[in-house]
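Taken from Swiss-Prot as is:
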- LYS3: N6-acetyllysine (MOD_RES)
- 9-79: DNA-binding region (DNA_BIND)
- CYS23: cysteine sulfonic acid (-SO3H) (MOD_RES)
- CYS23-CYS45: disulfide bond (DISULFID)
- LYS30: N6-acetyllysine (MOD_RES)
- LYS43: N6-acetyllysine (MOD_RES)
- CYS45: cysteine sulfonic acid (-SO3H) (MOD_RES)
- 71-97: region 'Disordered' (REGION)
- 93-161: DNA-binding region (DNA_BIND)
- SER98: phosphoserine (MOD_RES)
- CYS104: cysteine sulfonic acid (-SO3H) (MOD_RES)
- LYS112: N6-acetyllysine (MOD_RES)
- LYS139: N6-acetyllysine (MOD_RES)
- 161-200: region 'Disordered' (REGION)
- 182-200: compositional bias 'Acidic residues' (COMPBIAS)
Amino acid sequence: MAKGDPKKPKGKMSAYAFFVQTCREEHKKKNPEVPVNFAEFSKKCSERWKTMSGKEKSKFDEMAKADKVRYDREMKDYGPAKGGKKKKDPNAPKRPPSGFFLFCSEFRPKIKSTNPGISIGDVAKKLGEMWNNLNDSEKQPYITKAAKLKEKYEKDVADYKSKGKFDGAKGPAKVARKKVEEEDEEEEEEEEEEEEEEDE
């Protein structure tokens, strides 16, 4: 089942994919009533492909090349970057972390070091419990820092939109945000888990 934009061009096929498609069509013609056993069929195709000469494979190579040209042309007309996502502008301001994520970035390494082999889910659960057990005054430093980062982010976005590029201002806030973002990007799965824990 295709996901996402139905207008997105069909993916390009490899020479082997064209070969398998041809084998499937041959099978249907010879045995229209016999359903294809996918595992067995794939194995036979693979074995047959390995024994074919370069000359025999060349027909499928040409088909794959033609399909690549078709795909590249359609993708160019289609617009969005591969995968249906717009390419991220590396200079665009990055979304700032919340107070909870700042807390997580500080305590996640400590939990991992004291609990070797702990799963992502358990780390997130522990972080969620720790955060929920903090009183307001203990949470305040993280919330204040997050608010400052958000304020700077909003200014950066305004700059970015007005100038068409991001003014790469240096400063402790940007450095702190960059550090947190790098860690967050590396552990996106953990963030998703942590968001759930924070909401509970």
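Cβ atoms here come from the backbone N, Cα and C positions, even for glycine.
Taken together, the residues in the DNA-binding region (93-161) have a mean pLDDT of 88 on the 0 to 100 scale. Of all the modified residues listed (CYS23, CYS104), CYS104 sits in the most crowded Cβ setting, with the most other Cβ atoms within 10 Å. When other Cβ atoms within 10 Å of the Cβ of CYS45 (disulfide bond) are tallied across all protein chains shown, the result is 18. Note: the CA-CA distance between LYS43 (N6-acetyllysine) and SER98 (phosphoserine) rounds to 51 Å. The Cβ neighbour count for LYS112 (N6-acetyllysine), using a 10 Å radius over every protein chain in view, is 12. Within 10 Å of CYS23 (cysteine sulfonic acid (-SO3H)), counting CA to CA, the recorded positions CYS45, LYS112, LYS139 contribute CYS45.
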